[in-house]
Amino acid sequence: MIRIRVPASTANLGPGFDSLGMALNLYLDITAERAEHWHFEHHGEKLASLPIDETHFIARQVTQFCRTLNVEPFCLHVKMTSEIPLARGLGSSGTALIASLLLVNHYGRLNLSRQQLVDILTEEERHPDNVVPSLVGGVIAGCYDRETCRYMTLPAIEWPLYLVIPPYELKTDEARQVLPRTLPFAEAVEASAISNVLVAALARKDYQLAGQLMMQDRFHEPYRAALIQDYQAVKSVVQDKGSLFISGAGSTLFVMGRPDSPELEALLTAALPHCIVRAVSVDTTGAICAKIR
């Protein structure tokens, strides 16, 4: 039997579209052992609607990875818990994808290197902003050129971090449909420059500058904000007390608070009683796969 734990992630960090991401201390936790047929035991209401047989996402991904990596197919009995809400922009599908690959790596005795795992996952996802931080931990900047993923780890953010999780889902496909197919050249240059300086600010731990830049995205937030009915309400609460960006494709909103505004969490909770407001931190460990018996 093995245990796998994979942290959630928040992607983009504002202007770092499909490139910047950060692992968070919310986890998908599974234990698995060989079985004659696929069977899933789900613990927690977040997973109650998922199938329990071979149609489960993890079962389908394991089968796919077995095929592409030349591993003899196998079935598992999986016990699964998760703190990560589904379809809220916190990398729930990415964590399941990572767990699937780690299962194949273990039971197929592949001994894949970290870089090989990164490349396989990024090829599947087409961008590194969720799967790489969840796999390796921390804050990452990455790019994918259809052959390999190159990434660098940045220092963990030290300012207070909060999630504002609405009660409604926002599917990634829906959030991508509102994006323009092209941007004017000058606008793309400006957007890229903002993202570049954000990376430098995070590397220098200049969170005041980083916070300003997180709210100056040109790539996606101007188009997606209208899909999240609580965006303006959260923005009005945050004001000069911190910074706000859409977590991944949404619907979760991510807030980086100023250290001199400890009241921000309480203000968000009072203003948005229908949302879950949760303080979080950066997970710097990444995914864990360990034999437990």
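From the backbone N, Cα and C atoms, a Cβ is placed for every residue, glycine too.
Around the Cβ of Ser93 (ATP binding site), the same chain contributes Phe57, Thr172, each under 8 angstroms and 6 or more positions distant in sequence. Classification of Ser93 (ATP binding site) by DSSP places it within a helix. Residues or ranges marked as ATP binding site by TrEMBL: Pro85, Leu86, Ala87, Arg88, Gly89, Leu90, Gly91, Ser92, Ser93, Gly94, Thr95.
The domain 'GHMP kinase N-terminal' annotation in TrEMBL covers 62-138.
As annotated by TrEMBL, domain 'GHMP kinase C-terminal' applies to 199-262. Summarising model confidence by region, the domain 'GHMP kinase C-terminal' (199-262) averages a pLDDT of 95.
Under DSSP, residues within the domain 'GHMP kinase C-terminal' (199-262) fall into helix, strand and coil as 31 helix, 10 strand, 23 coil.
One way to see the shell of the ATP site is to take the Cβ centroid of Pro85, Leu86, Ala87, Arg88, Gly89, Leu90, Gly91, Ser92, Ser93, Gly94, Thr95; the remaining same-chain residues with a Cβ within 8 Å of it are Ala8, Ile84, Gly248.
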